[in-house]
Amino acid sequence: MAASELYTKEARVWIPDAEDVWKSAKLLKDYKQGDKLLRLELEDGKVVEHQLDPRTMNLPHLRNPDILVGENDLTALSYLHEPAVLHNLKVRFIDSKLIYTYCGIVLVAINPYETLPIYGTDIINAYSGQNMGDMDPHIFAVAEEAYKQMARDERNQSIIVSGESGAGKTVSAKYAMRYFATVSGSESEANVEEKVLASNPIMESIGNAKTTRNDNSSRFGKYIEIGFDKRYRIIGANMRTYLLEKSRVVFQADEERNYHIFYQLCASSNLPELKVLKLVNANNFHYTKQGRSPVIDGVDDAKELINTRNAFTLLGINDSYQMGIFRVLAAILHLGNVEIKDRDADSSIIPPNNAHLTVFCDLMGVTYQDMSHWLCHKKLITATETYIKPFPKLQAINARDALAKHIYAKLFSWIVDHVNKALHATVKQHSFIGVLDIYGFETFEINSFEQFCINYANEKLQQQFNMHVFKLEQEEYMKEEIPWTLIDFYDNQPCINLIEAKLGILDLLDEECRMPKGTDDTWAQKLYNTHLNKCDLFQKPRLSNRAFIIQHFADKVEYQCEGFLEKNKDTVYEEQIHVLKLSKFELLVELFQDEEQSVSPMEAQTGARTRLSVKPLKARASQTSREHKKTVGHQFRNSLQLLMETLNATTPHYVRCIKPNDYKYPFTFDPRRAVQQLRACGVLETIRISAAGFPSRWTYQEFFSRYRVLMKQKDVLSDRKLTCRNVLEKLIKDKDKYQFGKTKIFFRAGQVAYLEKLRADKLRAACIRIQKTIRCWLLRKKYLRMRSAAITIQRHVRGYQARCLAKFLRRTRAAITIQKFQRMYVARQRYRRMQDAALVIQCILRGYVARQKYQQMVREHKAVIIQKMVRGWLARQWYKRSLEAIVYLQCCVRRMRAKRELKKLKIEARSVEHYKKLNIGMENKIMQLQRKVDEQHKDNKNLQDRLTNLENTYSSESEKLRNEVDRLRSTEEEARVNSNRITSLLEELAKLKKDLEETQREKKTIEEYADKYKLETEQLVSELKEQNTLLKTEKEDLNRLILEQAQEMKEKMEKALVEETKQIECELNEERSRYQNLLTEHLHLEARYEDLKEEMTLTMVIPKPGHRRTDSTHSSNESEYTYNSEFAERDEEDVPKAPLDMSLFLKLQKRVTELEQDKQSLQNELDRKEEQIHRIKATEEQRNRARGAELEYESLKRQELESENKKLKNDLNELRKVLSEKPTAAISAPGSPAYKVLLDQLNSSNEELEVRKEEVLILRSQLVSQKEAMQHKETMTEAMFYAEDLQKMKDSGEITQAYLGLKEVNRLLESQLQSQRKGYENEVEVLRGELQSLKEENNRQQQLLAQNLQLPPEARIEASLQHEITRLTNENLDLMEQLEKQDKTVRKLKKQLKLFAKKIGEMGVFNQMENVSPGQIVDEPIRPVNIPRKEKDFQGMFEYKKDDEVKLVKNLILELKPRGVAVNLIPGLPAYILFMCLRHADYLNDDQKVRSLLTSTINGIKKILKKRGDDFETVSFWLSNTCRFLHCLKQYSVVTLNDDWQVLSDLAIQIYQQLVKVMDSILQPMIVSGMLEHETIQGVSGVKPTGLRKRTSSIADEGTYTLDSILRQLSAFHSTMCQHGMDPELIKQVVKQMFYIIGAVTLNNLLLRKDMCSWSKGMNIRYNVSQLEEWLRDKNLMTSGAKETLEPLIQAAQLLQVKKKTDEDAEAICSMCNALSTAQIVKVLNLYTPVNEFEERVSVTFIRTIQIRLRDRKESPQLLMDSKQIFPVTFPFNPSSLSLETIQIPTSLNLGFLTRV
């Protein structure tokens, strides 16, 4: 179509951009022919004008529709060009977090720089066996395609992984090999797949290093061939390496490291075994510190060395060789630290006793003198003599580095050779898959010889890739019979010729290396002279004469000539190599044993050999010269040619790894770097080749389904091909834009987008019309509703207004009447109030006057008394005061006189002293005076004491006086208060007067108060009524509360019981699952044992005829549960026995014994828990049983017992009558018929007695439970009576008492609940204790087994034999004891029987003789004895001979056809027949016969299952019969050994698991096609373009499975199981397992298929699930739990359909998807893909919101469901309603040798 049809307004295009490479824009107006400018609007709203190229006038690239963005295959895009590819990869990588995308036959892998959970074993199993286009792109899909094509086409395959450093090549190759190892497995016991994977850490440690672009960059290329046998299992591998970067050993750029192994050794230098290497930190070695980045974040080099050493050990490289490798590597590090100094300008020297050189020599086993000498010298050999020339310092350093590189290269090759030897296949290889991990196209600022070789290899690989793509395109066109036109694609053969042809770059380089004085400059000049201006692909830089430019297929690369010659020569000097060859270190000698004699190309021209002798050997000169022609470039070209021949002989698969950014940021996309790599790796070339032809391809059915909306009804024909042809001719006029093939329609680029545009326009127009009609209908409905509502409102309003008017008139009339009576009432009340008030006032006033007069008289009398008392008190006070004053005056006068006398005495004393001074002779007189003075002092002292006493007396007296004064004052105060009181009384009188006045005023308000009182009384009455109502309400609330509490307590009790039951059931299921897993492992070991036995039988030597001695270990070789039948022994009689490997056999035997013990303990625990659950259920049922039904049941039981008692009495009387007819002697004879009859009768009576005893016990237990239930009911009845009494109570006290009573009832209920809860908890604790004890016992058994395994082989054999002998001896002793006890019991019963027979005979004859006359005895005829006896005693059994056992098993098991038995005979007939035979053997107490028949039956069933184990009918038939056999054993209580019972149960479990596997294998091909791919609801969704990787069609073609296929298959399964008579409960478990498999497989495929995650597919899934639920309803299987297993799938379908925009939507999704894990929810949201333009993608913000809300969930991070999980199976007891006596054996079974008993 014309450009004007596509470049219209709103059309979206791509325009170039400097930063983002391409930007999206939108046309603002239609394009017209001749326009030179396009007006565009960018996504950010900016308007720009795009100038068209005036020469080409090429329009910008159109953008694909949104529904095609994010496709799995880039070739599915309608517009195939660079911006479309880049945008599709970006959307998948950034928005959907998908790192893999198909581009035709290429898988594009973008490095996420983050660990993703998409490489687990569950993902491998999901991709295994799937078509490549059916699943989302993945490295596992490519590996599966290679594996499948190898098996299908029997052609070798190759997976070519390429990309830049850091793009993830090594990881992709590693995952591919892991896939092969997991899917295929290995045939031998050496686990070759583990060895193949173990080679990865070794090669990474010695061949990978940190670069600026990648922390684990592979610095070499490798091609690994994984070998497979005829059954396509891994048997070995082989590795080839290419172009190791040896220069990294001696030099690293900034931020880079040397090879990992050096840093691993330095990090582990403290290990004892590595002390001898004398290593230190990596920063101390020259070869490891140049990059200044010795550590990688997140990598522990010491732990990595442990992994490397483990890998060495796994590959057979022992510790001595490992230490040798480490010695060589450490020596290289020490060699780099050897310091070389200048001796003069032309020579150099190593200082003596250099520490590092000494260590190097010690480690390498060479002499210090030789090595130090030849590191600084070289030998020149001429025709006549030999010269030794010293090196200058720089050349000596280069020689040292060359030696280090050469040693590392030799060590690398040696390790690769030994890895290949370890991986070498021991058997013949049938086919192989090669994994090529090789460097991608590289271009740096400075490109040297390594980049030249890498880009040369990529040129060769690109050529091979282009030819392969071109070939596939041609095959597709020829297959569809489309006219083939040559597609012009880029051919890089000229570039390859420029490099490798004669006189090419490599040829000239080798030639220059052979020149004596060749240099890089001369080589560059030769290149200029040879190729410049002669080859368009070769150019010379303008500013350099030592560089050249090559135009590669990816880009132009400028190479610097410096170093090319040296690297191509790879020079190392023979003298140094010779010194190493003379080493005492064996590994070093082994490294150089194949080294050629001459290595230096400088000696090639002379033809001399490198020996110390001067005479040359010309015989070897030519050979040496030929060897020197093999330079590095020449060797690389030859190895590359060999690689290309290998790849051309295989079917290639391509993986292109892309590095999204240079900074290693997770999920960050740099468009410029991505485009460079897409151009370099050939992805865009693939797109260009596809776009040149017909890239879009549709099948006719898919085209019709997608574009049916563009067709009219008349255009639809029965022939889809003709319909599509007619429609396309109308839609696309240019017939060159499409071609019709045999099965597909091929479109040119852009045509699908045009058809999508037409389809979207048609759907948009249809949507507009639908919206218009719906909106019209909605508005009309709204108008009619509004009109009807308005009429209704008017009618109601008018009626309301009329009612209001009538009400107003009635109220007016009533108001007038009320006013009349109110006014009359008020007047009458006013008069009455006035009259009453007057009377009251008169009465009060008169009384008040009388009271005042009386009070006045009382007051006057009291005042006289008060005056009398006060006057007396005042007189007494005056007298006391006068007396005190007189005494005080006396004291003062006396004191004054004493003071005067004292003064006189002092004067006299002073005059005596004066006289003493004047007259000394008057001393005697003075002495006398002194005595007087002393006496006076004494007197004075006495006086002072008296004075003190007087003062004390005075103080006490004064205190008393003060107290008296205070008392008088208080009295005075009281008088004053009394006077004040008189005043207050007067005031109170005044107040009383005022009160009188107030009372008079209050009289007026009394009437008002009466009115108020009346109103208050009325209000009180109303309040009382309201309180009464509230009390009634409270009473009802209390009743309701009581009932609610009772209900709540009941619910709590039931909930607790349910939770406990669920917990016990969960634990029980876990134990069952564990037990059944152990059983599966046990069966696998048994199968392994059988296989080993068969192999040894086939490989043994046939012995001579004669006596054959039985192996002493034969008894221990067999399983405890398995016994050889006679027919098996006869079949194997002629087969000779091979000698067994006793150690292996005893290991297997002990493992089997351990599993059997675990199985037995788990089975016991299982039985106990089942009994516990049954007991709990029985108790619950008894509690819930109604009393009336129980009483009725008791009455029925009593009646039955009475009838049975009467029956027994009648039988006894009849027996007496019969016995009376025969003589006593004949009766008592043991062999007589009467004795036998009596014995039979007694046996039946004993059995009946036992039955009745059991019934009595049951009745007693029921009576006890009924008594408890009655007590519980009485308690509840009392509570109900209390509730009824509450309705009759009116007093609050009674209500309180009732409430307290109810609280007591609640406490009683709570106590009962707590007691029950404690009982349950005790039971649970007991169960847990038992479980713990079982676990401890299991651990003890394992410890014993481990101790036994640690013994030497001889002691182990003796211990096992001793254990077997002890076990058999104990069993024999136990059996002997049981046999003796049974014999004693039989003898005792026989004695009792004889005594009872005699007593009954005597009593019967005596009674009969008394009651019957002699005449009657003679005349009455003798009638036969008719003793009622149960038929089950000796009927329902088959008798057979021991010799017929083989024939029985053969006819009834081995040769029986299930189809005939299921159709013509009763279900379970073989089980009934076998049980009846077993029952007869048990009746005869023939344990050997019972054991033999059971063993033969079990072995026969196992044999038929092994032979026809993949036939559903056979497995279902024998599962049903095995279960029926078990039920019969339990129903009829046939005593068998516990081991046999357990073996039968295990056999049933084994058959069930086999049945599940068979059904799984039948349903697996149908599930994905029927549940996901098939479009059940036609027209809901259309098919999107699929690209080159064609997926399975969603349209139901012929042979495609649909949902109906699944339903028909399920119905077939169900009908077959029902025909076989399988138990209903077992059928439910089978159906539940099948529905789980359907849901798990469907959900797993949904999570791995982006094309299935859409709204319409969610609707289809929900419809399919509803059909499955309908099938369950039809089959009455809704209670089987099958629907619950589909809940994850249902929620995933709902997730596809719900709204996914707002936070409310996120909350709804989190609450809805509780059965899905967080990883599954996020995965579905990431994969959600719109099918139509009307749908929208899920935003990244919304997905992050979901992740934040779900981050607190505790769940497994596993993405996929385990579709192989098998639920634990149980076999509930289901007794048979069929009487064994009625079973007849059909003649078709050929069982005539059986006799009914």
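The backbone N, Cα and C atoms fix where each Cβ goes, glycine too.
For reference, TrEMBL has these:
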{"type": "DOMAIN", "residues": "69-760", "note": "domain 'Myosin motor'"}
{"type": "BINDING", "residues": "Gly163, Glu164, Ser165, Gly166, Ala167, Gly168, Lys169, Thr170", "note": "ATP binding site"}
{"type": "REGION", "residues": "640-662", "note": "region 'Actin-binding'"}
{"type": "REGION", "residues": "1104-1134", "note": "region 'Disordered'"}
{"type": "DOMAIN", "residues": "1495-1752", "note": "domain 'Dilute'"}
Gly163, Glu164, Ser165, Gly166, Ala167, Gly168, Lys169, Thr170 excluded, remaining Cβ within 8 Å of their centroid (ATP): Asn111, Asn214, Ser217, Ser218, Gly440, Cys657, Lys659
Number of helical, extended and coil residues in the region 'Actin-binding' (640-662), per DSSP: 9 helix, 8 strand, 6 coil
Cβ neighbour count within 10 Å of Glu164 (ATP binding site): 25
Intrachain C-beta neighbours of Gly168 (ATP binding site), sequence separation six or more, cut-off 8 angstroms: Ala109, Asn111, Cys657, Lys659
Proximal but sequence-remote residues of the same chain as Lys169 (ATP binding site) (Cβ under 8 Å, at least 6 apart): Val161, Ser162, Gly163, Ser218, Asp437, Ile438, Tyr439, Gly440, Cys657
Average pLDDT across the domain 'Myosin motor' (69-760), rounded to a whole number: 83
Chain-internal residues, separated by at least six, CB under 8 A from Gly166 (ATP binding site): Asn111, Thr211, Arg213, Asn214, Ser217, Lys659, Lys664
Count of other CB atoms lying within 10 Å of the CB belonging to Ser165 (ATP binding site): 21
